[in-house]
Amino acid sequence: MNKNSSNMMALAPNTSNKRETVCIFGTGDFGRALGYKMLQAGYPVVYGSRSRQTSSLIPKDAEVLSHTEAAQKAAIIIIAIQRQHYNFLTPLAEVLHGKVLVDISNNLKLNQYPESNAEYLAQLVPGAKVVKAFNTVSAWALQSGTLDASRQVFVCGDDMEAKQMVMDIVRAVGLTPLDQGSLLAAQEIENYPLQLFPMWKFPILLSLGLVTFFFFYCLTRDVIYTYIYEKKNFSFFIAISIPNRICPILALTLLSLVYLPGVLAAIIQLYRGTKYRRFPDWLDKWMLCRKQLGLVALAFAFLHAVYTLIIPIRSFVRWRISSQTISQALNNKTEPLDITNAWISDSYLALGILGFFLFVLLGITSLPSVSNSVNWREFRFVQSKLGYLTLILCTAHTLVYGGKWFLSPSSYRWYLPSAYMLSLIVPCIVLVVKFVLIFPCLDKPLTRIRQGWERNPQYSE
């Protein structure tokens, strides 16, 4: 009776300035790093260890005791050990009764066990209040202080008071707690650190696939074809010329794929007459990774800009210019300036510069530090209105660059059009459909649907 009442008093909200003692089971890298941060935040820390010998690695202001003695001195106990070593907690069940046990463990692979580590801990010590937290923060980040990229801490548990106490500790050490609900969310929280760039997987795989396709496509047209039919060895195109064709193609294609799912979603909503039905799973996943698609597209645009800047210093370009100069000198004839070609050249360069500028602006606005400083209307204006303007400028840049070759038979080698013609397919489709959707006869019902109107109300659930 006295023991339970003392535990309840320990769990009561702390009204004084003095922070409650926190116990950490485990003196590994993470346990030491977290203990050091908690000492800095003003928490007394006691370590529970198999060996009571103090190591030089343990924070000097922390006390090292046996597991039983350490658990008796604190109401909150952080379990900084792996799941396979949890069995030692079973004999401590009476001491741990009513305590808050914070499970911070991770696994080696997704869904390694039928239940989460936190749920397993709750089964081993049924009288304790188990909370899952801190598993998304690395020991290195805690030690070095570089927490900007991993400041969020997911917290879940069945006891609200215990969970609030843990979230107070999270805030005290300079992190941001995110309440994920009951302990049932622990499995998802434990899987999170094991996911390797989950939102980047589709954009990266798609980019690699497109790079491979267009590389072999350009290799076939520009190197193999010229070697077979013209007996010219242009194999050095692989280093600069072909990458400088692939990069703008990928940048334009991926940028158009950022806005294509929005167009498809509008068509689906118009067809269904409601916004209260889920989109297909493939479209949902596509829309969730639009930011990543745009950033990959921006990376290819940067590469294109760099490749373009080094064109004048290429040996092939300098040879071609000198050959033309010598040819004019030998023929005693100077080619007059073609005003039409000059206008075309300057126009596509100007369109490319403006498109690239807006492209960079879109990328900057997508950064959390920037997007958090603007309201939703401003963010939507940049990402939607300026985004479509960027797509128009980049598409126009490509069209002006090679529009005159569309009807030229010499541009089709082995009946294959130039690669840049293929890059215009998706952006032109997106722009044409978007242009149709802004007609009042379609835009007004679409706006009403997105405001909650339904053509067939029985679909709303």
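Glycine is treated like the rest: Cβ placed from N, Cα and C.
Predicted automatically and left uncurated, TrEMBL annotations should be read as such.
According to TrEMBL, the feature domain 'Pyrroline-5-carboxylate reductase catalytic N-terminal' maps to 21-107.
Residues or ranges marked as transmembrane segment in TrEMBL: 204-229 (among others). Nonlocal intrachain contacts for the transmembrane segment (204-229), taken as residues 6+ away from its ends with a CB within less than 8 angstroms of a stretch CB, comprise 197, 235, 237-238, 241-242, 245-246, 249-250, 253-254, 257, 293, 296, 300, 413-414, 416, 418-419, 422.
Annotated domain 'Ferric oxidoreductase' per TrEMBL: 249-394, in sequence order.
Remote same-chain partners of the transmembrane segment (249-271), defined as residues 6 or more beyond its termini with a Cβ less than 8 Å from a stretch Cβ, comprise 203, 206-207, 210-211, 214, 279, 283, 286-287, 290, 293-294, 296-298, 300-301, 304, 359, 387-388, 390-391, 394-395, 398, 419-420, 422-424, 426-427, 429-430, 433-434, 437, 442, 445-446, 449-450. Taken from TrEMBL, the feature transmembrane segment covers 249-271 (among others).
Per TrEMBL, transmembrane segment is recorded for 292-313 (among others). For the transmembrane segment (292-313), the list of distant contacts is 199-200, 202-204, 206-207, 240, 243-244, 246-248, 250-255, 257-258, 356, 359-360, 362-363, 366: same-chain residues at least six beyond its ends, Cβ to Cβ under 8 Å.
Taking Cβ pairs closer than 8 Å, the transmembrane segment (347-365) reaches residues 251, 255, 294-295, 297-298, 301, 305, 371, 374, 379, 382-383, 386-387, 389-390, 393-394, 396-397, 400-401 in its own chain, all 6 or more past its ends. Taken from TrEMBL, the feature transmembrane segment applies to 347-365 (among others).
For the transmembrane segment (386-407), the list of distant contacts is 248, 251-252, 255-256, 258-259, 344, 347-348, 351-352, 354-355, 358-359, 361-362, 418, 420-421, 423-424, 427-428, 430-431, 434: same-chain residues at least six beyond its ends, Cβ to Cβ under 8 Å. According to TrEMBL, the feature transmembrane segment maps to 386-407 (among others).
Residues or ranges marked as transmembrane segment by TrEMBL: 419-442 (among others).
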The domain 'Pyrroline-5-carboxylate reductase catalytic N-terminal' (21-107) - residue tally per DSSP class, helix then strand then coil: 32 helix, 19 strand, 36 coil
